[in-house]
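Structure record follows, encoded as structure tokens.
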Amino acid sequence: MEDKRMLRFIAFAMILRLSSEIQAQLEVSFYKNKCGDADVEKIIKEEVSNAFFNDTGIAPGLLRLHFHDCFAGVGCEGSILIDSTPTNVAEKDGPPNGITIRGTEVIDRAKARIEASCRGVVSCADILAYAARDAVVLTRGFSWDVPAGRRDGRVSLASQTVDIPAPFFNLDQITQAFAKKGLTRQEMVALVGAHTIGRSHCFSFSDRLYNFNSSTGQDPTLNPFYAAQLKLQCPRDARGNIDPNLVVQMNTSPALMDPSYYADVLTGRGLFTSDQALTSSSATIAQTRIYALNGFRWQQDFVQAMIKMSQFGVLTGNQGEIRLNCRVINS
């Protein structure tokens, strides 16, 4: 028994050491003096800003891209940007993504500009990490220094999107999904606050309105007035189906990073089952109440959790590659 405990301790220590070594290889201002006169972060910020001013929905799209990239497969290595091929269905076409993906064209434009003056140096994974930060700032969230130096993965499999937390998850399931990526329950509560911006397709939560379980059609934890509003926005046709293109706003301020998400959850207006699940334990309820009353505290915690998440499973050094086109692995 003691030998087994010692082996587990040694294995855990090795994992911590490897994680620390990888994170140590990421640096703030990593591309300074690596691209001549080209300001990598400025170029990315310009492309994100231009897209945002044409469509504010691009901000939550870019943030979600970064989340989904980090949660699927190896980690934050840009694999969500790779296109499917006749012989492989890639992450971007996996069940949680597909038609709900937004923002890849912004990454493409930033990459093209950077490659024109600094070929083969800046990874798609880093561009995505910078773009997610810039998207948060444009929606009036706090900024942060992005540790960079990621390299791009060469594998993208739709099957690996199973690790992305689903909107129908209960509290245990969503907590375990974040724990698998090294994130605590407290960090999970901070990060899901990203649902304060953006929109959702009706099919992501329609079971809460019409087919909750065998005994009730509507989720009893859903505010009845909110449920009535959602049914008007997400009606069923004569066959009981919902138009897959129908979308609703996540809340009343979908382009503003504010703590209204947490206030909504406390009043039964969390859009997803996984959102409303925050009210199913005393610990998460307490944290939700703190964030609902103190947006400054939430923003601080959100930034720290984002920095930690963005370093999960990164490829550095000679690992992976620097893709010349974010959609295609180098030949």
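Using the three backbone atoms N, Cα and C, a Cβ is placed for every residue, glycine included.
In TrEMBL, Cys326 is paired through a disulphide bond with Cys124, chosen from Cys76, Cys118, Cys124. On the backbone, the CA of His195 (heme b binding site) and the CA of His68 (active site, proton acceptor) stand 14 Å apart. In sequence order, Met250, Asn251, Ser253, Leu256, Met257, Asp258, Pro259, Ser260, Tyr261 are the residues of the chain that are 6 or more apart from Thr196 (Ca(2+) 2 binding site) and have a CB within less than 8 Å of its CB. Cβ neighbours within 10 Å of Cys124 (disulfide bond), excluding its own Cβ and spanning all shown chains: 30. Fewest other C-beta atoms within 10 Å: among the disulfide-bonded residues Cys35, Cys76, Cys234, that description fits Cys35.
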